[in-house]
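Asker: Quick one: this structure, given as structure tokens, is what I'll be asking you about.
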Amino acid sequence: MVDSQYYLPNDIGISALDCTEAFRLLSPREQLYAHYLSRSAWYGGLAVLLQTSPESASIFVLLQRLFRKQPPAQLGNVATAAGLSPEEYQAFLVYAAGLYANMGNYKSFGDTKFIPNLPKALVWQSQAFQDSPSEMEALWDSCSTLLFSLEDKQKQLGLGDKGITTYFSGNCCLEDAELAQRFLDSKNLSAYNTRLFKKKSEGKASYEVRLASAVQKDCAVDGEGETRCGRYNFEDCVFTVSRGDYDHLMKKVSENLEKAKDHAANENQKRMLEGYSRSFTFGSVEAHKEGSRFWIKDKGPIVESYIGFIESYRDPFGSRGEFEGFVAVVNKAMSERFAKLVSSAEVLLPELPWPKDFEKDRFLLPDFTSLDVLTFAGSGIPAGINIPNYDDIRQSEGFKNVSLGNVLAVAYATQKDKLTFLDEDDKDVYIKWKGPSFEVQVGLHELLGHGSGKLFVQDEKGTFNFEQDNVRNPETGEKITTWYKGNETWDSKFSTISCSYEECRAECVGLYLCLNKHVLSIFGHEGQDAEEVVYVNWLNMVRAGLLGLEFYTSESKSWRQAHMQARFVILRVLLEAGEGLVTLKESTGKDGRPDALITLDRSKIHTVGKGAIESFLCKLQVLKSTADVEGGRALYEGYSAVSDGGSHNFLCLRETVLQRKEARKMFVQANTRVKGDSVELVEYEGSAAGLICSFTERFADDAEEVEAHLLELNKRDAPWQHGVPGYSP
């Protein structure tokens, strides 16, 4: 029997993101601007299929062809004729919706594979097959083996023997990733928009570093040396830097950015879009950084957006960015609260538990807005974002924070009967205050978590950005002996732990500063209400730490989700603090199955809890500031360890969590369509069928072209995935 964690449940939560009023209030010009930005994001988001697994793009095209010919209701009649029960057909619709929502057949949150209930008979009896039998059979043959396969390596994303990745060719391992990073650093090249492919050439290991770009020819970018395409000898290996990854998709992205530019509100937006367009055309991260600089300068836009190869959570090495693009409209009322938090930042930063030498020399007041999402293309939708991720820009030029209001409104609604591992007395207060407390946590996490802390750097000229003779390590009292050199960045230096470590640091900042009464008053919480917000924020964190065990793979001893690993680490820290602050006990539920109970003593949050987070947070920052990879790994991997020893049997608790887990919600997003001089908003119901229809209509105007391009790009990748059993080039 197949483990249920590899199926999406029929009752999975699916909600429509409401942006009707926000879009209606836009001017015609703003609506056109939002429309073309959205088109750009959706086309680029298709690259995620190619970044996820060898079979994802083929499955996507198969589903698109099925549902373009017959929408879910019509295909349901075929399913009935093929012998499927209503429950079995619903399971297939949920799978299809899941593939669209995750932009691949691996969960964006947790990186585990999910497989369908899709009998061959349904495909063979469909209208799509009747119209094009040879094409549909070839498409089925190209992906059907991997569609259902749950061989150990294929159960999750990972590098080498640990799982599947398409950021690297199938024959790459961790040593190859490390070697490639050294090469990229030597050429001052970012890994964000690259993939790595390995082969043997003339007896040497030969690597291709492929840049995402519309153009394939290895020309200079208007004189930019940054791209450095060509062939290089490095450490007894050969590296070739080339362009043209996802070329068809990048061309679509750039074309729509150029159209959006015609409707930009100001010069900053135009310059921003020019930078992005150059980046996607030529594969230049420097051009994207230039666009990001103008994005930061574009303060308080009505229509906010960002696009590119952004987050590196799903690269097993932690350096390559997954494509994402969002377009959203400012929620003015909620943004006022975040603006007050920004204005208080310079007062709150000194409250953090590290010496001022470890804080940025100057806090550049960022934009912090609450947005209603119109479009979020990629593998998933977060609750908040702090970008850009470029260390040099964040440290000296600034950043922006956004909280996604209409996502928060539906993502974290909880039913009491589905609330696991809490005492009955805690459930009502948890449900009442989870939303308000999470809003506070997101604000602090993004602005003062990701926005705080200094990196100690020695640049290529030998100049230090700190007083080397005077600054002392607060943990040891000694001088600073390690720092970032030349082109080293946080991601490249801390690689595989960088994402989760940084999420943990930001979560700790949120827990620590939510104890501040001024912070709580900014969000409208005073007196007992404020105490409830604090209690539920901390309770939610320790419960999330327990839930995080779902995302740990015991066979490979690896974590599959950065945020949940971070929350488990925080749970370990607070359990270690002792004095009854947090208790975690195994039990048996009313249904006779294994259960667990986690409790938090609210009277000890401000004392024992604060002290524990203060000490741990200072360690995290000092190790990050000083580029102490060895110390950072020892600390973080120590708390990340999941074992059956010690005071808690976490391996046993993991099995309990898996038995009682609840599937993560999926979101249905609207489409925009130009009609004459205006833009129409097309919305869909919050269901699997609604999500499917949104995607088939999203690419309806050029469906055959888009599908042909995806299959061509997938075929181009095929020779590099020879390490994947069952893959059909």
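Even glycines carry a Cβ here, placed using N, Cα and C.
What TrEMBL records for this protein is below:
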- HIS445, HIS450, GLU503: Zn(2+) binding site (BINDING)
- GLU446: active site (ACT_SITE)
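Tell me what's around each of these sites.
Answerer: For GLU503 (Zn(2+) binding site), the number of other Cβ atoms no farther than 10 Å from its own Cβ, over all displayed protein chains, is 22.
Around the Cβ of GLU446 (active site), the same chain contributes PHE368, GLY384, ILE385, ASN386, ASN401, VAL402, SER403, ALA506, each under 8 angstroms and 6 or more positions distant in sequence.
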Asker: Name the residues of the same chain, 6+ apart in sequence, whose Cβ is under 8 Å from the Cβ of HIS445 (Zn(2+) binding site)?
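Answerer: Counting only residues 6 or more apart in sequence, the Cβ neighbours of HIS445 (Zn(2+) binding site) under 8 Å are GLY384, ALA506, GLU507, VAL509, GLY510.
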Asker: Determine which residues of this chain, when HIS445, HIS450, GLU503 are set aside, have a Cβ within 8 Å of the centroid of the Zn(2+) site's Cβ atoms, and list them as they appear in the sequence.
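Answerer: Neighbours found: ASN386, GLU446, GLY449, GLU502, ARG505, ALA506, GLU507, VAL509, GLY510.
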Asker: I want to check the contact list for HIS450 (Zn(2+) binding site): same chain, sequence separation of six or more, C-beta distance under 8 angstroms. What comes out?
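Answerer: When sequence neighbours closer than 6 are ignored, HIS450 (Zn(2+) binding site) has ASN386, PHE399, ASN401, GLU502, ALA506 within Cβ distance under 8 Å.
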